[in-house]
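J.: Handing you this structure, nothing more for now.
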C-alpha cells in the first residue's frame with residue numbers, strides 16, 4: 001500500500017470529505033448558513049464542548065474515559081460564583097481559585113485511576129455524582145448573577161473580529177496537537193493505549209502520564225466553566241450536565257478509538273465541527289431539534305461503518 | 001476489625017460486601033428512625049428501583065461480554081410508549097405486555113449485529129442509538145403523555161402473596177439470569193468472549209453469535225423493565241428519566257461486574273440497585289439536606305468501588 | 001471495612017442539619033409580596049413599560065408571520081398543551097405560522113443554541129419559556145437587535161431582553177391559591193411536605209418562597225416538614241412521595257406538588273397506600289392527569305391556569321406586538337376569545353388567577 005492510499009483511507013480524511021459534503025449540502029439548503037457571521041457564531045457556541053474534547057482525546061487515546069467533565073464544569077462554575085459573591089474575593093482571584101479547584105478535581109480522578117487502579121469508567125462515574133453533588137450542596141441551588149461587564153468579554157466579546165473564546169480554543173487545540181503529535185509525552189500516551197503493561201515494562205512513566213492527563217482534563221473543564229459563565233452571565237449547579245456525552249461523541253466521531261492507542265486531535269476538531277454544522281444547518285433547513293438528534297446518531301454510525309469498510313477493503 | 005476477619009471478608013465476593021453495606025445501612029437508619037424498617041417502607045425501597053434492577057441484569061450480561069450500552073434508558077422510554085400506545089389503541093393487554101420484549105430484542109439484535117459483524121465499537125453504536133431513540137421518541141409522540149390506560153393493565157401494581165409484582169420480577173429474573181450465566185453453555189461463552197475474545201474463538205465459541213444473543217436478551221430484559229416502568233402509574237411519560245442509563249450502568253459496575261469484561265455476576269447488580277434505592281430513601285429519613293443528596297450518593301459509590309479494589313488487591 | 005462504614009455513617013451524620021430550617025428548602029432569596037389573607041387584593045398598577053424594543057423591525061402589520069416557539073423543553077404534557085393553544089390561535093388568526101421546537105432537557109445551554117439558530121434562520125417572532133432568566137437574556141437581546149419580535153410566556157427572562165411576557169398567574173397569587181386550598185383540606189394546623197422538580201427551577205423556587213411568606217402571614221400554625229426534589233420524572237416523584245408517607249406516617253397531612261409531573265405521582269402514591277382522605281394532595285397539574293384521582297374522590301382538587309389559554313394568549317400577544325397594536329403604556333390587551341387581559345408589572349400580560357379544578361368541573365376541560 002502506498003503512502004498516498006494510507007492517507008486516503010484514514011478515518012480523519014474520510015471525515016474531512018464528509019464534512020465538506022455536509023457543508024455544501026447545508027449551504028445549498030439555506031443561504032443564511034454559509035456566512036461568516038453564522039459560522040463564527042457557531043464556533044462560539046461549540047467552544048465549551050470543544051475545549052473539553054481536546055484533553056478527552058488524550059484520555060481516550062490512553063484507553064480511558066472521563067465522564068466527570070460535565071460535573072467538574074458545574075462545580076467550577078458554582079465555585080466561581082461562591083468565591084466572588086459569597087466570599088467577596090476579586091473576580092480574577094475567584095477565577096484563579098476556580099481553575100485550581102477544577103485541576104484538583106481532575107487530579108483526584110487521576111489518583112483514583114492510577115493509585116487505586118479503579119477502571120476510569122467507574123472512577124469517573126462515581127466522581128460524576130460526587131462533583132455534581134458538591135456543586136448542588138455548596139450552592140444550595142442558588143444561582144449567582146450580576147457579573148461585571150469586563151468579564152463578559154471572554155464569553156460574548158470579540159477580539160480582532162473573532163469571538164474571544166475562539167482564540168483560547170485555538171490555543172488549547174494547538175497545544176493539544178503539538179503535544180500529542182510531536183512530544184515524548186504524546187508517544188507515551190499512544191503507548192499506554194496500545195498496551196499499558198508493555199509501556200510500563202519498557203520503563204515509560206505510565207502513572208505520571210495518566211495522572212497529568214486526567215489533571216489536564218479537570219483544568220480544561222474548569223476553563224470551559226469560566227467561558228460558559230461568562231457567556232451566559234449566571235451560574236447554576238446544573239450547568240454542563242450531559243456535556244460528557246457530546247464531548248465523547250465528538251471525539252469518537254473524530255476517529256479516536258475507544259479502545260485506546262489511536263486518534264488525533266485534528267480528527268476530534270473535524271468531528272466537533274461536523275456535529276455543530278449538522279445541528280445548525282439542519283435547524284436552519286427547518287428540521288426540529290429531535291430530528292437533528294436522530295440524524296447525528298445516524299451519522300455517527302455511518303462514519304464508523306464507512307471507515308471500517310474502507311480499512312477492511314484496503315487490508316485485503 | 002481484626003486483620004483475619006478483614007481478609008475473610010475480602011476473599012468473599014462483591015455481593016457479600018454489598019449485603020453487609022445494605023444491612024449496616026438498614027440497621028443504622030432503623031435505629032435513627034424505626035419507621036425506616038416498616039413493612040411499607042421496605043416494600044417501597046424494593047419496588048421503587050425494581051425496573052432499574054431488572055434492566056441492570058441485562059446490562060451486566062452486556063458488560064460481562066466486554067461491551068457497554070448507553071442507550072438503555074432511551075430504549076426503555078421507547079418500549080414503554082409502544083406498550084402504552086398498543087393498549088390504548090385497543091390491543092389486548094397481554095399484547096401490550098409482550099410486545100416490548102419482542103421489539104426490544106429486535107432493536108438490540110440489530111445493535112448487536114452492528115457491533116459483531118460491522119465491528120462498530122459498542123459505545124459508539126449505542127451512543128448513536130441513544131440519539132436515534134431519544135430523538136425519535138419525541139418526534140413520534142410530540143411529548144404527549146399516554147393516559148386513559150385500561151383497568152388490569154397495571155402489571156406493576158399487582159401483588160402475589162402480598163408482595164408487589166416488581167419484586168417478584170426482580171427476584172425471578174435475577175435467579176433466571178444467574179442460572180443462565182452459571183450453568184449453561186451460553187453463559188460460559190459470554191464469560192469467555194468477555195475475558196478473551198481470541199481464546200474464545202480458538203475454542204470454537206462464535207464471538208459474533210454470542211454478542212448478538214447477549215444484546216437481544218438485554219433488549220428483551222429492557223422490555224420487561226419498560227413494562228414495569230409503564231405500568232407503575234396511571235400515565236406513561238413520553239420521555240425517560242435523564243441519566244437513567246448511567247444509573248443502570250452504575251448498578252452493574254458497583255455490583256461487581258468488571259468493565260473490562262469477563263468478570264461478575266447478576267446478583268451483585270440487583271443488590272446494588274437495592275442499595276441505591278435504600279440510599280435514596282434513607283437520606284430523606286436521616287434529614288440529610290436534599291441539597292447534599294447527590295454528593296452522599298457519589299461518596300457511597302466511590303467508597304464501595306474503592307473497598308472492592310482494595311479487597312481485590314489483597315486477595316489478587 | 002469497619003472504618004469505612006463508620007466514615008460513611010459519619011459523613012451522613014455531618015450533613016444532617018441540626019437546627020430547624022428558617023427558610024423552606026427549595027425557595028429562592030428574592031423579596032416576597034404575600035397577598036391579603038382574605039378578600040380581593042387590589043389590582044397592581046402596571047407602571048411604566050420596561051420591556052425591550054426590536055431594532056429596525058420591518059412593518060409586519062397584517063403580514064404573514066413565521067414564529068418559533070421555544071419552550072423550556074419538549075416532551076412534557078405541559079408544553080405540549082401550550083403549543084396546542086398556540087396552534088389554535090394560529091388557525092383563528094390565519095396569518096401566523098408557529099413552529100414549536102426546543103431542547104429535550106430543561107437545559108439552559110441547549111435552549112440558547114435553539115434561539116440562536118432561529119435568529120439566523122430569520123424568523124419574524126420568537127416565543128419562549130426561559131430555563132434561566134439571566135442566561136437567556138443576551139441571546140434574546142440579540143434577537144431584538146435583529147429586529148425580531150420577542151414575547152415570553154410561562155417563565156420570564158430579564159424584562160429588557162423581551163418585549164412582553166404573558167404571565168400565567170402572579171407568584172403571590174399561585175402561593176395564595178395553593179396554601180388556601182391546602183389549609184381548607186388539612187386544617188390550619190396540619191403538617192405538609194413539598195415535592196418539587198429541582199431546587200434550581202426559577203418558577204418553582206419563586207412560588208415556594210411566596211408560599212412561605214403567605215403561610216407565615218395567614219396560616220402561622222401550618223407546619224412545613226421538608227421539600228424533596230424529583231426532577232421532571234414521574235416514577236421518581238412517586239418514590240419520593242411514597243418515602244415521605246412512610247417517613248412521617250400519621251404526622252403527614254398533605255403533600256404539595258409543585259409541578260405537573262409531581263402532583264399526579266403524589267396522588268398515585270396516596271391512592272396506592274389507601275390513604276385517600278387521610279393525606280391530601282394539593283398542587284399544580286393538568287386536569288387530564290388528575291381526573292382518575294379526582295373522579296374517584298381520592299383527591300379533591302388540582303390547581304392550574306389553563307395552559308391551552310396560556311399558549312393561545314401568547315400567540316395573540318405576538319400577533320398584536322408585530323402589528324404594532326400593543327404598545328408600551330397599554331393597560332389592557334384583547335386576546336381573541338379570552339377577551340380583555342390586564343397589563344401588570346410594567347410589561348406583563350396577566351392571564352388571570354390560577355383556577356382550582358374540582359370534581360364539579362374538571363370533566364369539562366380537556367388538556
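In case you wondered, yes, glycine gets a Cβ from its N, Cα and C as well.
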J.: Among the residue ranges B:147-165, B:166-184, I'd like the one that TrEMBL describes as transmembrane segment.
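T.: It is B:166-184 that TrEMBL describes as transmembrane segment.
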J.: Would the transmembrane segment (B:94-117) count as touching the transmembrane segment (B:44-63), i.e. at least 3 C-beta pairs under 8 angstroms with sequence separation of 6+?
T.: no
J.: Mind pulling out the one from B:12-32, B:94-117, B:205-230, B:242-260 with the most Cβ pairs under 8 angstroms to the transmembrane segment (B:70-88)?
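T.: Highest pair count goes to B:205-230.
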J.: For the transmembrane segment (B:267-285), could you work out the same-chain residues 6 or more beyond its ends whose Cβ comes under 8 Å from its Cβ atoms?
T.: 13-15, 18-19, 21-22, 25-26, 29, 32-33, 35-36, 41, 44-46, 48-50, 52-53, 56-57, 59-60, 170, 174, 178, 247, 250-252, 254-257, 293, 296-297, 300, 304
J.: Restricting to CB pairs under 8 Å, which listed stretch, B:12-32, B:94-117, B:166-184, B:242-260, is in contact most with the transmembrane segment (B:205-230)?
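T.: Out of the listed stretches, B:94-117 contacts the transmembrane segment (B:205-230) most.
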J.: Which of B:94-117, B:166-184, B:242-260 has the most Cβ pairs closer than 8 Å to the transmembrane segment (B:12-32)?
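T.: Per the Cβ under 8 Å count, B:242-260.
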J.: Who are the long-range neighbours of the transmembrane segment (B:94-117) in its own chain, taking Cβ under 8 Å and residues 6 or more past its ends?
T.: 67, 69, 71, 75, 78-80, 82-84, 86-87, 125-126, 129, 133, 153, 155, 207-209, 211-224, 226-227, 230
